[in-house]
Amino acid sequence: MASQRAVQLSLRKPAHAVCVIGVGTLVDVYSDVPKGAKTFEVSGSSEVKIYMVYDPSRVAEPAGPAHWPLDANVDVVVVADTVSKNLHDLKVKVSYFKSQDTAALAHSLLYLTAVDVSLDVDTGRTGKVKKGSGDKKNWRWGSGGSGAILLVNCDRDVHGSREDLHDSHLRSLEDLQDMSPMVLSCDGPDDLFKSHKPVLKASLPDSRRLGVFCARGGTSLSNYKQVLGPRHNSYEVERHPGERDIQFYVEGLAFPDASFSGLLSLSVSLVDTRPLSEVLVFTDSVTFRVAPWIMTPNTQPPLELYVCSVTDMHGSNDKFLEDMSHLATKANCKLVVCPRLENRNDRWIQDEMEFGYIDAPHKSFPVVFDSPRNRGLRDFALKKILGPDFGYVTREIQFAGASGLDSFGNLDVSPPVRVGNTEYPLGRILIGGNFPKSSGRRMARVVRDFLHAQQVQAPVELYSDWLSVGHVDEFLSFVPTSDQKGFRLLLASPSACLQLFQEKKEEGYGEAKQFDGLKHKTKRSINDILADRHLRRDSAHVQKCIDWNREVLKQELGLSESDIVDIPQLFFLKGAYAEAFFPDMVNMVVLGKYLGIPKPFGPIINGRCCLEEKVRSLLEPLGLRCVFIDDFLFYHQLLGEIHCGTNVRRKPFAFRWWNSVP
C-alpha cells in the first residue's frame, strides 16, 4: 500500500486534503494534541478504511474497545476506496482521551476528496490496457514478466521522405496502430480539477526518445495532438468536465543503443496549482521498453527474394535473374528485382541491407537495417522499402568512411540454440572482425554497439579479416533440417576439397579438370591442383582460420561436430588475404529446403561435376534440394557469390522476444 504525504490535523479547524483511491494517506495525529491526552481513536466515513501501522515489539495492540496510545511508534493511514461525488464528502475523525474511561478531551476533523488518478499501460502484454494491473514501474523479462512495450515508429504510413517518428503532427490515423496505448484515469468532482491538474512528464533524456499523442476522439487528425516529445517533456493535461479517462498513444523514437538501455518512463502527477501552493499531491509512473530490432535466420521461411538487375562488360545478368525467378517459384517466394535505375549498377544487395522486424503485443512489422556502406544501392532501402508497416533504421559512421567489414554480408544470425543452461530462442548474431588482440579490420563500433544493445540475440564476433572481402558469409551458412536439431552449420573446407580430389585421383580421374565448361578460364586438372604447393600452403592457412572459427561457433552456439557439415572449397592467398579459388558454395541463398548454390564448375566425372555430387550427397539426405546456379562472370569474378548478390526477407519468429531472459 503506497502512502502519500502526511496531512496535519488541527484542533482549531477541520483539515482538508485530496487523496487518491487505493493509495494511503498518512494522518499526523501528533502535531496538535490537547493537554493531558494519553490515548486516541479514529473513525470515519464508510468509504474510508483506517489502518493503524505500528511495531508490535514496541506497541501492544489495544484489546476490544480500548484506545490506542499516543505513541510516535503508531501511524494512522487512511485509504479511500470510492471516488468522491462532491468536494470534501469523506470524513475522518480523531478523538483524544486522558484515559480509557473518560470522555474525549477534543476532536480533530479531516475532510477528504477522493479521486482516481492513475496512468495505465499494457503491462500484461496482451495488446490491451488493463487498469491497475501489476507493477507498472518495473519492467521484467521472461514468460512470467510484465511491462509495457514500445515500437520505434520507423515506418512511413503517408508518402513522404522520412520515417513517421520525425513528425510532431499525426499524418494518418493508421499511424496510431504503430503506437502503444496509454490511459490516464482522472475521475473525481469537476470542481476539484479546477485547482488540481494532472501533469504528464518524462525526463529530458527520455523525452528525446519518445512521443506522446493525446487523443480526443473523432476521426480528424486535429483530434490528436503531440503533448510530449523532443520539444517538450511536461504537459498539463486538459481535463474536460465529466471526463474520467483520457486516451494517449506513445511511440518510440530511438532504438536501444550504447547510450540507451531501451527503458523509458512516464509519470503523471496530481498538482495543487492554487496560488502559493503548487503542492504535489500524488505521482504514478509507468515504464516501457523499446522493442529491439530482431534478425531472422535461414531456418525461417522466406517471404521475398531480392536481387539486382545489372549490366557490365559481360552484358546483362538476365540469365541469373531467370534462375533466381525459378528458384523463388520452387520455394513459393516472391521475387523482387531492383532495376538498374535504382541500384546504379550495384549488385551487392546483401551488403547494403539486412531485413529484420520489431514486435509488440499490439503490432509487428518488418524493419530494414541499412548498412553504412553507401554505394550505388545507398538510397534503395530508404526510398523503395520504407513505407506503410515497413520500417527503416540505419547507423552512420562519423568522421570516417565504411570499411568492407561494415557491409552486411558480414552480418548473420544463427538459428535458436541452447548453450549449456542458457537459451537463445532467437539465435545469436554473428559478425566478422580481426583476430582477437591483434590489429586489423573490424565492423564499425557504431554498428556493433547497435547490435549488442538489442540484447535478445547476443552477438558473437568471429575472425573474418583473413579474407580479402572479410565477410562471414564467405565461409559459413545455416540450412534448415527436419530432424530434432532443426538446422546444420555449413563451413567451407579446403581439407574436404583436397581429400575429395585425392580420392578422385586414386580412382583414376586425375586428369579431370576444374573449370571444365567455362570459357576464358584456364582449366586445371586434379593432378595439377594436388601438386600445387602454393595452393596447398594457402589451403592449410585458410583451414586453420576456419577451424579457429569452428571452435568458437561450437562453444558459443552449443554445437557438436554432428551439427556441422564441411563443404569442399578451395581458397588462394592474394597477398595476405584469401579469395575463393572457384565459386564459393557456402555463399548460397537459402529458401526453405531449396538452396541456390554457386555452380563450382568442378571436374566432370562420369558426366557429372564431382563437387556438385559431393555437396548433394551431404545435404540432400537432410531433406534439402540443391540448385546449382552459374554466378561466375557477374558475381564470382568480382569477389562475391549468390548470397552476396541476393537478400531475403523472412517470416518473423513465433516466439515473442519479451519472453526471453537475456
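Cβ atoms here come from the backbone N, Cα and C positions, even for glycine.
Taken from Swiss-Prot, the feature active site, nucleophile applies to CYS644. Non-local neighbourhood of CYS644 (active site, nucleophile): TRP348, GLN350, ASP351, GLY409, HIS471, ASP473, ASN587, TYR635, each in the same chain, at least six residues away, with C-beta under 8 Å from its C-beta.
Within its own chain, ASP178 (Ca(2+) 1 binding site) has LEU151, ASN153, ASP155, ASP157, ASP164, GLU251, LYS363, PHE365, ASP389 as residues 6 or more apart in sequence whose C-beta sits under 8 angstroms from its own. If you look up Swiss-Prot, you'll see ASN153, ASP155, ASP157, ASP164, ASP175, ASP178 marked as Ca(2+) 1 binding site.
DSSP assigns LYS363 (Ca(2+) 2 binding site) to a strand segment in the three-state reduction. Residues or ranges marked as Ca(2+) 2 binding site by Swiss-Prot on the basis of similarity to another entry: ASP155, ASP157, ASP178, LYS363.
Residues or ranges marked as Ca(2+) 4 binding site by Swiss-Prot on the basis of similarity to another entry: GLN350, PHE408, LEU411. Following the DSSP three-state reduction, the secondary structure of GLN350 (Ca(2+) 4 binding site) is helix. In the structure as shown, the Cβ atom of GLN350 (Ca(2+) 4 binding site) sits within 10 Å of 28 other Cβ atoms.
Per Swiss-Prot, Ca(2+) 3 binding site is recorded for GLU352, ASP370, SER371, ASN374, and the stated evidence type is similarity to another entry. Here ASP370 (Ca(2+) 3 binding site) comes close to GLU352, MET353, ARG378, ALA381, LEU382, TYR392, VAL393, THR394: these same-chain residues lie at least six apart in sequence, with C-beta atoms under 8 angstroms from its C-beta.
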Additional residues around Ca(2+) 1, ordered along the sequence, whose Cβ is within 8 Å of the centroid of ASN153, ASP155, ASP157, ASP164, ASP175, ASP178: CYS154, ARG156, GLU163, LEU165, SER172, GLU174, GLN177, MET179, GLU251, PRO388
CB-centroid shell, 8 A cutoff, Ca(2+) 2 site ASP155, ASP157, ASP178, LYS363, site residues removed: LEU151, ASN153, ASP164, GLU174, ASP175, GLN177, MET179, PHE365, PRO388, ASP389, GLY391
Fewest other C-beta atoms within 10 angstroms, as judged across ASP164, ASP175, which are the binding-site residues: ASP175
Protein Cβ atoms within 10 Å of ASN153 (Ca(2+) 1 binding site), excluding its own: 24
8 Å Cβ shell about GLU352, ASP370, SER371, ASN374 centroid, Ca(2+) 3 site members excluded: ASP351, MET353, PRO372, ARG373, ARG375, LEU377, ARG378, ALA381, THR394, SER407, PHE408
Cβ atoms near LYS363 (Ca(2+) 2 binding site) (within 10 Å, other residues, all chains): 16
Pairwise CA distance, ASN374 (Ca(2+) 3 binding site) versus LEU411 (Ca(2+) 4 binding site), rounded so that it is a whole Å: 16
Site of maximum Cβ density within 10 Å, from binding-site residues ASP155, ASP157, GLU352: GLU352
Rounded Cα separation (Å) that holds between LEU411 (Ca(2+) 4 binding site) and SER371 (Ca(2+) 3 binding site): 10
